[in-house]
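Below is one structure; the comments refer to it alone.
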Amino acid sequence: MNPHAKLIFIMSLALGTSITISSNHWILAWTGLEINTLAIIPLISKSHHPRAVEATIKYFLTQSAASALILFSSLTNAWSTGQWDITQLNHPTSCLVLTMAIAIKLGLVPFHFWFPEVLQGSSMITALLLSTLMKLPPITLLLITSQSLNPSLLTLLAISSALIGGWMGLNQTQTRKILAFSSISHLGWMIVIIAYNPHLTFLTFTLYTVMTTTVFLSLNQIKVLKLSTMLISWTKTPTLNATMMLTLLSLAGLPPLTGFMPKWFIIQELTKQEMTPTATIITMLSLLGLFFYLRLAYHSTITLPPNSSSHMKLWRINKTPNTSTAILSVLSTSLLPLSPLIATMF
């Protein structure tokens, strides 16, 4: 892709995200979402591979449907209340339609089918943008309107996403699909608490973005697209594979790593809200995700495959270290001791 065209698309992504997260008017927020969608489509289809073209079409159709539902929700609310302000979402039908539209945009269960397929058809960096930056505007709209939404519906979506995200990730062999189902599972943790403590949802999304960015950049650097290739990737960059293993365990939420902190806070808040059964169910469902994170961690550091491998061992690559990946790896694994400070901030 032409570097100037790529720069324009990335600047359009930043512009669309900024418009949506800073607007108070529904039409402006909708415009920002549309700019985002139109800017990411060329980045998905840039390889011109049939799978990339298929992913582009799927992404365009689902995002168009979600945008139409958001516009319909805002129009219905404006018709009944006379308000275009995002914070004045009071009409019950508008709240329901908006929840469904944001669920489609984020890839929450039962509207999740497009997300793994689109990530599988994209490059690693584009998949990173789809998993992190492209989720910020819809999450922001949910944060702003969280007091108007139905907590029971959000809890149902959250538990379903944690279940399906963990369950369907068990049998995957492609790293991008595994990370797609990981994203769906983490979205369940964010959505379950959004009606009670939106700041905690934002903290969870921030830490998820840091950890997922670390994993995607690491996989992109060692050029791993499937688990069988990961078995021999340790020969190229042993140090990077070791830090990636810790980051994967952090994504799983194991103490004493960073990923344990948001889950700990969410379970604590759910208990305060007298939602102990919900906290118990979503904690048990996180064990499903723990299995495939452990499988990824095992594949990233194994030195002697238990079965015969058809791949040749690769020579170690002496590359200049990536500073951004190193910083993100440190943040992804060592923020738990700062939990009291972060709790006071959020």
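Placement of Cβ uses the backbone N, Cα and C atoms for every residue, glycine included.
What TrEMBL says about this protein:
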| type | residues | note |
| --- | --- | --- |
| TRANSMEM | 5-21 | transmembrane segment |
| DOMAIN | 23-288 | domain 'NADH:quinone oxidoreductase/Mrp antiporter transmembrane' |
| TRANSMEM | 57-76 | transmembrane segment |
| TRANSMEM | 96-115 | transmembrane segment |
| TRANSMEM | 152-171 | transmembrane segment |
| TRANSMEM | 178-196 | transmembrane segment |
| TRANSMEM | 202-219 | transmembrane segment |
| TRANSMEM | 240-261 | transmembrane segment |
| TRANSMEM | 281-304 | transmembrane segment |
| DOMAIN | 290-342 | domain 'NADH dehydrogenase subunit 2 C-terminal' |
>> Given a Cβ distance threshold of under 8 angstroms, which distant residues of the chain, six or more beyond its ends, lie next to the transmembrane segment (202-219)?
In response: 124-125, 127-128, 131-132, 135-136, 139, 143, 175, 179, 182-183, 186, 189-190, 193, 225, 240-241, 243-244, 247-248, 250-251, 258-259, 261-262, 265-266, 322, 324-325, 328-329, 331-332, 335, 342, 346
>> Using Cβ atoms and a strict cutoff of less than 8 Å, what residues sit near the transmembrane segment (5-21) while being 6 or more residues removed from its termini?
In response: 28-29, 31-40, 42-43, 129, 133-134, 136-137, 140-141
>> Which residues of the chain, 6 or more past the ends of the transmembrane segment (57-76), have a CB below 8 A from one of its CBs?
In response: 26-27, 29-30, 33-34, 37, 40-41, 44, 84, 89, 91, 93-95, 97-98, 100-102, 104-105, 111, 114, 117-118, 141
>> Considering every residue in the domain 'NADH dehydrogenase subunit 2 C-terminal' (290-342), what is the mean pLDDT value?
In response: 75
